[in-house]
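**Q** Structure in structure tokens, see below.
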Amino acid sequence: MKIIEAKHFDDMSLKAAQFMIEKIQRDPTITLGLATGGTPQKMYELLINDHRTNGTSYHQVTTFNLDEYIGLDRHDPNSYYTYMHKALFDHIDIRDEQAFLPNGTASNFNAECERYEALIQQRGGIDLQVLGIGANGHIGFNEPGTSFESSTHIVKLTDSTREANARYFNDLSEVPTEAITMGIQSIMNAKEILLLASGKKKADALYQLIHGKVDESFPASVLQRHEQVTIIADREALQKVAVSSN
């Protein structure tokens, strides 16, 4: 597990973007696992700037997103489909047919979970998975207690997760109660993982991720078992972790 310390959120975003760009330039056909939310948003802006300025191409890149809300049409302003298109896809040269998200309005959600998991395998698996981390250790929408052996599945969102995401909605009542998420085993199947964290609210979670017991009560702890994990986090998030010079 490699830890890279950033000065602050913008520096974390820059280091993450540079990390991603290097991977894409080295392998133009890379398959990326992508995350949503506030943590990677600035990184996506920097990827767009690099694409426009330096011409880094996504034409042969394939992407799979971690999750999607159940019950939101993909064109709903708060769907992760819309988030990804506004934050990244609409501004780079990725092909629509190469950018995958779970279908939150599928007629059969169990079948959709199986389809999505199979699709990842058919495409050769994920080369680099981007993750954030929740204060309770969740990765994707995999909340505490999720089996480490889980594949893509339906999850009931906890009150704390819904409250954390309510800022994107008009009211807490509008936040969906369920989502489709890649499972913990799905995430662990990625060849390489990049985890981003920023702010003092993530300090306890990062400490537990790095130094805590590997246990399903703290989903991110499973990353200790992965051979290729890079953490890029700012000083506030790393305040409880001793970081050697990088």
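Cβ atoms here come from the backbone N, Cα and C positions, even for glycine.
I grabbed these lines from Swiss-Prot:
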ACT_SITE  ASP67  active site, proton acceptor
ACT_SITE  ASN136  active site, for ring-opening step
ACT_SITE  HIS138  active site, proton acceptor
ACT_SITE  GLU143  active site, for ring-opening step
**Q** Which residues of the same chain, at least 6 positions away in sequence, have a Cβ lying under 8 Å from the Cβ of GLU143 (active site, for ring-opening step)?
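**A** ASN136, VAL155, LEU157, THR158, THR161, PRO219 - these are the non-local Cβ neighbours of GLU143 (active site, for ring-opening step), listed in sequence order.
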**Q** For HIS138 (active site, proton acceptor) and ASP67 (active site, proton acceptor), determine the Cα separation and express it in whole Å.
**A** 13
**Q** Tell me, by DSSP, whether HIS138 (active site, proton acceptor) is helix, strand or coil?
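**A** DSSP call for HIS138 (active site, proton acceptor): coil, neither helix nor strand.
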**Q** If you count the other Cβ atoms within 10 Å of each Cβ, which of the active-site residues ASP67, ASN136, HIS138 comes out on top?
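**A** Selected residue: HIS138.
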**Q** Does DSSP give ASP67 (active site, proton acceptor) helix, strand or coil?
**A** strand
**Q** Tell me whether GLU143 (active site, for ring-opening step) sits in a helix, a strand or coil according to DSSP.
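**A** DSSP assigns GLU143 (active site, for ring-opening step) to coil.
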